[in-house]
Amino acid sequence: MESSKQKRCRSSVVETIEAPLPLVWSILRSFDKPQAYQRFVKSCTMRSGGGGGKGGEGKGSVRDVTLVSGFPADFSTERLEELDDESHVMVVSIIGGNHRLVNYKSKTKVVASPEDMAKKTVVVESYVVDVPEGTSEEDTIFFVDNIIRYNLTSLAKLTKKMMK
């Protein structure tokens, strides 16, 4: 952990996806397959645990993620802190890698949309992260929010394709 004097920031990104909750959750909860919808992820190798896959225990699983070239990092090591299939909550922490997202922790919550509970899903991804030295809180939030927004847009496209 960094010094308690380290500046931290937090934000949330909300995306409504035109797909039923069970489909959206089945993709999001697959800790061992982030590349299914996270387009900056080139590959994922499970270091420990089952990643929440069928028959595998999820909580405490650790994955090594290789990122695509051109991204401002090469790899990330991440731990699944919580995976709750009843409340549709997933918590992930970044515990290593060659990036600037120190002490990053995200919580993703999935709920059926009040507009159309059978056909729409609302995904809320909230996070907290240290503000890297030499960077502003606003720039950090802008960067992370855009990655999350891109991933959730990709998730929406994937679910739409799967429903055809």
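Placement of Cβ uses the backbone N, Cα and C atoms for every residue, glycine included.
The region 'START-like' annotation in Swiss-Prot covers 3-160.
What Swiss-Prot lists as motif 'Gate loop' is 69-73, and the listing cites similarity to another entry. Per-residue pLDDT, averaged over the motif 'Gate loop' (69-73), rounds to 78.
Swiss-Prot lists Pro72 (among others) with the feature site 'Involved in interactions with PP2Cs', giving similarity to another entry as the kind of evidence. Pro72 (site 'Involved in interactions with PP2Cs') is surrounded by 10 other CB atoms, counting those within 10 A of its CB over all protein chains shown. Pro72 (site 'Involved in interactions with PP2Cs') falls outside any helix or strand according to DSSP and counts as coil.
Around the Cβ of Ala73 (abscisate binding site), the number of neighbouring Cβ atoms within 10 Å comes to 14. Positions annotated as abscisate binding site by Swiss-Prot: Ala73, Asp74, Phe75, Ser76, Thr77, Glu78, Arg100, Leu101, Val102, Asn103, Tyr104, Lys105, Ser106, Glu125.
Annotation comment: Swiss-Prot describes Ser136 (among others) as site 'Involved in interactions with PP2Cs'. The Cβ of Ser136 (site 'Involved in interactions with PP2Cs') lies under 8 Å from the Cβ of no residue that is in the same chain and 6 or more residues away along the sequence.
For Val144 (site 'Involved in ABA binding'), the same-chain residues lying six or more positions away in sequence with a CB closer than 8 A to its CB are Ser11, Leu101, Tyr104, Tyr127, Val129. Taken from Swiss-Prot, the feature site 'Involved in ABA binding' applies to Val144, supported by similarity to another entry.
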TODO: Let me know the DSSP-derived helix, strand or coil state of Ser136 (site 'Involved in interactions with PP2Cs'), please.
DONE: coil
Task: Winner by Cβ contact number (other Cβ atoms within 10 Å) across the binding-site residues Thr77, Ser106 - done: Ser106
- [ ] With abscisate as the bound species and Ala73, Asp74, Phe75, Ser76, Thr77, Glu78, Arg100, Leu101, Val102, Asn103, Tyr104, Lys105, Ser106, Glu125 as its recorded binding residues, calculate the greatest Cα-Cα distance and give it in Å as a whole number.
- [x] 23
Task: Distance from Arg100 (abscisate binding site) back to Pro72 (site 'Involved in interactions with PP2Cs'), taken between C-alpha atoms, in Å - done: 9
